[in-house]
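Chemist: OK, TrEMBL features for this one:
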| type | residues | note |
| --- | --- | --- |
| DOMAIN | 1-25 | domain 'EF-hand' |
| DOMAIN | 31-66 | domain 'EF-hand' |
């Protein structure tokens, strides 16, 4: 939508319009220009004036990760686990994209609480 010239990359003004639509304060004032310069330095470190799709995805991934606390992550897993203190590999595979599910399954310890069922996983220790 924002790639008006269909170049496969966003030029600076196209990228700025995209950021504004996402709620970033990069309007044409001193503070906005400073924030836009900061972001452009991240997504276009060589100063080409263009932002590739991959650079945009990488930037958005960094901007939206590492903001969840352990409690928020635990609460999310608890929803996926239907309010149980453990989760199964099948539930993870059903609820998450395949790569994320397999990542979690490979790294979650077996659940050992008093209500443990063989094969269940401990999402609480994984989250913290």
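Quick reminder: no glycine exception, Cβ is built from N, Cα and C everywhere.
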Chemist: The domain 'EF-hand' (31-66): which same-chain residues, six or more beyond its ends, come within Cβ distance under 8 Å?
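Modeler: Long-range Cβ neighbours of the domain 'EF-hand' (31-66): 7-12, 15-16, 18-19, 24-25.
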Chemist: Determine how many residues of the domain 'EF-hand' (1-25) DSSP places in helix, in strand and in coil.
Modeler: 10 helix, 3 strand, 12 coil
Chemist: For the domain 'EF-hand' (31-66), give the DSSP counts of helix residues, strand residues and coil residues.
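Modeler: Across the domain 'EF-hand' (31-66), the residues distribute as 25 helix, 3 strand, 8 coil.
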Chemist: What average pLDDT does the predicted model assign to the domain 'EF-hand' (31-66)?
Modeler: 87
